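Data first, discussion second: the structure below is written as structure tokens.
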Amino acid sequence: MGPDDYLCILSYLAAVAFSGVLFKSVSWGIGRHMWDVPAVWMVSALKFQTIASWIYLWAATLVKLSFLFLYRRVFAMETKAARLLNGGIAVCFLVNLGLFFGIVFFCIPVEKAWDDSIPGRCSNPVVLAYFTGVWNTVMDIYVLLVPVPFLMGLNIGREKRLRLVAVFSVGIFACIASVVRLAMTSVLQSSFDATYNLAQVALWA
């Protein structure tokens, strides 16, 4: 097993954890309209939703890194591919690490993110949400397109080459989901029905 295999396993575990926390948030009102959620549930609902967003960031990051390490193994003999992929791996990890800390410490103290009654301060949610959405979309497109020129250059039959391109192109669904999530960010930021709209965004996670 290579690094891509271990990263794939970790991303799966993170996805399972994300789903578990998300289901827990549903039991506290996420997915319902805010006027149907008892006020005493709101803190717990937002707490589990916030924790789910932390886990989701790493689930998405790990699966991208898994693909990039897989590409690096497949195209190990291509010097240009190695440089491009190593750069992509480094940028993907470092930017997402920065985003993780930015999301976790979005509010000081951290607990204020789900309990507005706690004294403290929070950053501008619109800026962070749009930056995260744009970044994820760009990285999904990068992961989708980066192997294509090297796949086309493989010394194999045309039919096999096209089959490989088709397999790797499954990632186009991730790109579509990222674009939809980004589009829904504006709705989330401009709506007072946060508990309902958060669930709609999570469906595309």
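Sequential numbering from 1, following the chain as shown.
Positions of Cβ are set from backbone N, Cα and C atoms, glycine also.
Note that TrEMBL annotation is computational and uncurated.
Over the domain 'Rhodopsin' (2-204) the predicted model carries a mean pLDDT of 82. TrEMBL lists 2-204 with the feature domain 'Rhodopsin'.
Positions annotated as transmembrane segment by TrEMBL: 7-31 (among others).
Residues or ranges marked as transmembrane segment in TrEMBL: 51-71 (among others).
Residues 53-54, 57-58, 60-61, 64-65, 68-69, 71-72, 75, 120-123, 125, 128, 131-132, 135, 139, 142-143, 146 of the same chain lie 6+ residues outside the transmembrane segment (83-108) yet bring a C-beta within less than 8 angstroms of a C-beta in it. Residues or ranges marked as transmembrane segment by TrEMBL: 83-108 (among others).
Under the heading transmembrane segment, TrEMBL lists 128-152 (among others).
What TrEMBL records for 164-184 (among others) is transmembrane segment.
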